[in-house]
Amino acid sequence: MYGTSEIVDAAATVDAERTAFRRTEKLYKLYKTQAPKSWKNQAHRKADLSGVIDFHSVLESFKLCGATPAGIFKYECRGFNRPVFCFEERPGFYFIPGALTDDEQVHWIRESLISFPQPPNRTNHTEAYGPIFGLFDAVQNNKVLVEANSTSSEVDRILGYDKTNLNSKRFSFSEYCMFTNNDESYKSVAASLLLRKLRWSTLGLQFDWSKRNYAVSLPHKRMPDDLCLVAKKMAVPAMPNGEEFQPEAAIVNYFGPGDMLGGHLDDMEKDWSKPIVSISLGCKAIFLLGGKSREEIPIAMFLRSGDIVLMAGEARECFHGVPRIFTDSEHADNVDLLSQFSNEADLCFREYIRTSRININIRQNLFSHWILEFTLLEKILVLDET
């Protein structure tokens with residue numbers, strides 16, 4: 001669940017093409033049969049989806065006859081009022097179909113597009129442009145990002161604490177493209193393009209992609225309270241008895257048409273007994289759950305908007321990935337969700353989520369409380385919501 005949509009694992013080689021996981025990825029990956037001018041008009045190579053597990057169908061079948069397919073069982077968790085399914089051969093993996101209501105999905109889509117990319121949260125755009133405030137508002141107002149002579153004190157404050165950002169240039173949104181005194185145009189990019197190229201944002205403790213670890217020194221906000229409440233509630237089936245999940249960081253992945261997330265492990269947290277809580281929003285996708293080796297044939301399953309997956313314990317050692325999202329009207333399964341964005345003011349939300357998927361992955365770190373105390377004592381920037 002780490003990384004951007006372009007990731008196919010840097011360690012992949014010619015030999016990796018022959019692994020069972022890689023072969024399965026290629027079965028479901030979106031391939032173009034021609035070179036179209038736009039994604040809307042392209043022709044896709046059809047994939048055989050008959051072997052993909054549909055937990056929504058599993059749930060409906062269980063309600064009718066009380067039975068589950070071979071290798072799958074319904075997990076009973078006292079005090080948890082949603083259905084949970086598990087694989088006999090993948091301990092520590094929990095699938096909660098339809099965990100979020102339509103209203104909850106709409107809320108988290110809005111938060112993912114408006115709030116989560118806001119500084120000091122870092123995104124894949126931070127390295128090139130520094131802190132960018134108000135991305136989605138800029139999209140709604142057809143603005144462009146331009147190089148600026150000066151920026152707000154809030155931007156300067158963040159940059160002052162962020163020693164990883166070596167870019168001396170500053171950028172801000174404008175309603176038009178400005179020019180220098182020498183009549184040479186500044187570097188500029190449409191806000192709509194930046195949104196379409198948004199691939200990840202990080203919440204809470206920030207993740208340093210260059211070092212692949214959590215960077216204590218990076219400025220950050222604490223995790224949003226309402227997101228923590230959802231994560232704590234949904235993590236219950238995967239938590240040891242008597243323990244409560246403590247969300248401290250999250251990575252939000254944004255998938256567009258043709259994007260994928262190659263097979264990988266989530267191995268940066270210290271305590272793998274605690275789950276990753278993974279929330280799916282938007283277009284339907286295929287999720288692959290492999291084993292502890294790439295040579296093990298992965299299990300393919302559909303992920304729909306509102307589904308939640310938990311991975312804890314042994315499941316944290318399993319390779320997994322997303323080889324495909326469905327953006328066509330036949331397979332996207334997002335008609336009901338799109339109807340929630342029917343107002344004219346919601347046009348940008350509707351157009352975005354019509355061909356996109358958002359995945360929120362919430363995590364707990366073993367040494368979190370010590371980190372927060374350290375950051376406060378050392379006066380490292382920790383920004384509150386207020």
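A Cβ is built for glycine as well, from the same backbone N, Cα and C atoms used for every other residue.
Remember, predicted model here, so these are calculated numbers, not experimental data.
The domain 'Fe2OG dioxygenase' annotation in TrEMBL covers 246-366. Within the domain 'Fe2OG dioxygenase' (246-366), the DSSP-based counts of helix, strand and coil residues read 23 helix, 45 strand, 53 coil.
The Fe cation binding site feature in TrEMBL is assigned to His264, Asp266, His320.
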Using a 10 angstroms cut-off on Cβ to Cβ distances, just flag whichever of His264, His320 is the loneliest among these binding-site residues.
-> His264
